[in-house]
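*Asks:* Quick one: the structure is below, and I'll ask about it shortly.
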Amino acid sequence: MSGGKGKAGSSEKASTSRSAKAGLTFPVGRVHRLLRKGNYAQRVGSGAPVYLTSVLEYLAAEILELAGNAARDNKKSRIIPRHLQLAIRNDEELNKLLGHVTIAQGGVLPNIHQNLLPKKSAKGKASQEL
């Protein structure tokens, strides 16, 4: 029996975060705290913050991947709000999810109505018919 202070005789292992246990990068503990403090429900289960964190991480990864592709298409190495806007609006499901979201400095999608485009030349059609 050791009477001194310290952890000389104990074999306690280092604590592992819930994010590491779930294989996530986003913080599970912070999401759990925000769920408790936000008055969304009286009690919060132990699996709810893990699930919500994984969903948030997946959405962030999806948007950042598409925005990175948009930045590369524009020959840029840095993602700007314009790239986020293009990524979200060109993806059908993300556009539906974030349809009412305004992105500051995002701009608009390039779109020209069909009636405003120049008409096809009549010479091209006539030569093909003969």
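Yeah, the Cβs are placed from backbone N, Cα and C, and that goes for glycine too.
Sharing the record's features from Swiss-Prot:
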REGION    1-22  region 'Disordered'
MOD_RES   SER2  N-acetylserine
MOD_RES   LYS5  N6-acetyllysine
MOD_RES   LYS7  N6-acetyllysine
MOD_RES   GLN105  N5-methylglutamine
SITE      LYS119  site 'Not ubiquitinated'
MOD_RES   SER127  phosphoserine
*Asks:* At a 10 Å cut-off from the C-beta of GLN105 (N5-methylglutamine), count the other C-beta atoms across all protein chains.
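*Replies:* GLN105 (N5-methylglutamine): 9 neighbouring Cβ atoms within 10 Å.
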*Asks:* Taking just the CA atoms, what is the gap between LYS119 (site 'Not ubiquitinated') and GLN105 (N5-methylglutamine) in Å?
*Replies:* 34
*Asks:* Just counting, how many other CB atoms are there within 10 A of the CB of LYS119 (site 'Not ubiquitinated')?
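*Replies:* Result for LYS119 (site 'Not ubiquitinated'): 6 neighbouring Cβ atoms inside 10 Å.
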